Amino acid sequence: MSNMDFLPISKEDLKKRNIDVLDFIIVTGDAYVDHPSFGTAIIGRVLEREGFTVGIIAQPNWNNIEDFKKLGKPKYGFLVNSGNIDSMVNHYTASKKKRHDDFYSPGGKSGYRPDRAVIVYCNKIKEAFKDSPIIIGGIEASLRRFAHYDYWDNSVRRSILEDSSADLLIYGMGEKPIVQVSNLLRYGMKIDSIKNVRGTTYIERDISPLKDYIEIPSFEEVSTNKKSYAEAYKIQYYEQDSIRGKTLVQKHKERYVVQNPPQPPLSQEEMDEVYALPYARTYHPMYEAEGGIPAIKEVKFSITSHRGCYGSCSFCALTFHQGRVIQNRSQDSILKEANMMTNMKDFKGYIHDVGGPTANFRHRACKVQEEHGTCKNKQCVFPKACKNLIIDHKEYLSLLKKIRKIPNVKKVFIRSGIRFDYLMYDKNDEFFKELCEHHISGQLKVAPEHISDKVLNLMGKPTRNVYDSFVKKYYDINKKIHKNQFLVPYLMSSHPGSDLKAAIELAQYIKKMGYTPEQVQDFYPTPGSLSTTMYYTGINPLTEEKVYVPKEQKEKRMQRSLLQFSIPDNYDLVKEALIKAHREDLIGNGPDCLIPYNKPYKKSHKKNNAKNKNNNYNKNKDVSKKNKKNSLSKHKKRK
């Protein structure tokens, strides 16, 4: 591919296209990948469709002002995002250790973007072009639009609008608001006059003209009073709906952060249009010499079926970003994309995913949402399925069957996560059987996250009984179809509500599983989630109940070690945790003991685990009839 297949990145590109001045310039913390899994590509192509010229400055050197000037000054303004992931999450682990890789950067190496990228980029743009409008968006800006607890500073920070000095913030999925805002700018409206576009947030000194709004506790209140913080979050949480949500206002000293109600969800036709735009579907050729961009590998042959999630896991911020209403593409649109993939020269016959935040949530949860919006005080699937929930996998299954029939398609995988409780609610087993027979390869990843009902309740996850029933059914189905496939559980330690007793309960469950799970992570308090509010305040904002929060690094290390108690390096911490919890009965050589009396000889865990994995899985299969678990994916995306 040539540079002409991509949006312009240099003055040379502008000359070839006869562009003197760009309408917009997108500054992003990711490398430039022109694929619909990347927000920069979508917004750039949507604006191009509307007749605007758009340039890309990807991963500029924030220590060199000239990098921000290389495409000149745009006619209407700069659009700034940190990339597909919050820059702080991208740079640091849950234990605040620096990461050494970055899948969204050349060669997978870190160091191409600054901490708090949105703030840094905006300040540099202001330095280069003082009067040029700046609009911020993407995950980092969206989840920091109000005063928020910042785990890395361990303090409450102001709205990112204040710290970045940006003129406007677009939250959530930005196609509709950016089109409306860009057209208003084209018609001659000044950026500081754009105050009525849904899905936007701005700063105002005088709120007297506002009507029908809710004022939440101020920055000064939430930064000094944890009850006020919890109250502010509760209001934000309940008002994230395009039909019933109200304008929200939060005072920051003498100014106010004003959030307009969310944009309506995209219609199916609008979704189809967005995903049919002329993406190059790969990274820019300028990265070839550095080994390309690793992030493209998993998504290049994956298909986004829908957006949104009504699972409402407490540790996930999707409610604040994509929303609870499912927005799906038509089958025709998805089949066209699948057919197009088969004609790509590096297609090997495998479509890696057809899904979204949760693969088997392909339609709105219920008909009520269409007229009244999402329910304010209850969830669709937690603590149990709502009576209005539409439980049906037929349409999704018919789509998968059609994709499987496309010439040159060997296998269609589902990797974006299956919500197992929703699967169990479906009395028709056809999808479950087809999933096991055609759409996994040896193992299925799902996310029970924990097995203590006390912790699961705070996580917004189904009870242990639901998971155990799922495990039994999964293995029963695999036995009937003569497949020896396994479950890989994603588990989480140190979530609010998880004390040593709960961690030990989970460790005992793992013991019965028969193998050491590798997919374990500590709870990561990222902006925008209900769990992060619990972590900071020690309060469940929705119930106002006090919540135990493991914050000391020692206890967090103990809890994580308990989940991998068989690793020799974890022996001392596990023993200390068991003694502290008065569970010495789990130390010894008995069948239920987690560790022996004496520290085992240190072996290479990886080598040993690889050697025994098949044996352990075979044990696991037998044990699974009694107990077992599953799992799911990513930082941002554990279902």
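Even glycines carry a Cβ here, placed using N, Cα and C.
Here's what Swiss-Prot has on this protein:
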DOMAIN    295-566  domain 'Radical SAM core'
BINDING   C309, C313, C316  [4Fe-4S] cluster binding site
REGION    597-639  region 'Disordered'
COMPBIAS  600-610  compositional bias 'Basic residues'
COMPBIAS  626-639  compositional bias 'Basic residues'
Averaged across the domain 'Radical SAM core' (295-566), what pLDDT does the model get? Just tell me the whole number, please.
96
Here the 10 Å Cβ neighbour count for C313 ([4Fe-4S] cluster binding site) comes out at 25
What count of other C-beta atoms do you get within 10 angstroms of the C-beta of C309 ([4Fe-4S] cluster binding site), across all chains shown?
26
